[in-house]
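Pulled from TrEMBL:
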type     : residues : note
TRANSMEM : 32-56    : transmembrane segment
TRANSMEM : 128-145  : transmembrane segment
TRANSMEM : 151-170  : transmembrane segment
TRANSMEM : 182-202  : transmembrane segment
TRANSMEM : 214-234  : transmembrane segment
TRANSMEM : 246-263  : transmembrane segment
TRANSMEM : 291-313  : transmembrane segment
């Protein structure tokens, strides 16, 4: 019943939730996202190199072949990952977090559009409904956003496009390398982009100041973030390999819903919930537009879960029927 496709989706969701909570509580005050991603990438490469050298993992024979390192699709994944980060981080200075997250979910809509275009003869209406609900959530987020900037919107759309291409190209590359080797190669390829981005962003001076002030605890926190990043990047590639890009996008949406439910549960249980300021915050969160926003995401999650689990349930029923016969 629990096949590798379900296990990979669960691992991706769990690792996404874990790193989101960790970064929110331990690295929220660290305002150098490009450096953080560079440090995470270096941590990933270091851990994988140690595993390869000690023989705990076998590196794929084609990892350092010319065909891999001259592959436009492999370089495309690395560039898409950087574009996803750059677009999202840049947009956060122009738009609020909710609207940025909503627009970046266009990646799911783009994946659905591509699937509909490729399979014109058998359009999946459930996926079309999910696309409509996502567009509805974007409209709701735009209505409630206190700020609106067209450049920020374009940067978010670029980030969504980058996510779509990264997922599609990762699926395309699965025949060239195994998951671990693919993660190693794409991480190595992305280094030049992150180093260039770090130099352009001017984050280095900020990072030096923070390290001098915080010292070992900050360095340790960044290393832990890198270890968590290894798990989420591996899980993302594995989920896309054993499922589809659509499923990977759907797990990302489910992660947002789970985090929202957890945050509301913690907020409700805390004593500060009854303070005047928190009551105002709760009333604002239950505005009609925000209610539409979260209802749309809940609808996407439930419908997507039915789509993902349906073939597994059917297979389980067939196996059970075969055993009875």
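Our numbering is plain: 1 for the first residue shown, then up by one each step along the chain.
Every residue gets a Cβ built from N, Cα and C, even glycine.
Across 32-56, 214-234, 246-263, 291-313, the stretch most heavily in contact with the transmembrane segment (182-202), judged by Cβ pairs under 8 Å, is 32-56. Here the transmembrane segment (214-234) touches the transmembrane segment (32-56). Their Cβ atoms form 3 or more pairs under 8 Å, with each pair 6 or more residues apart.
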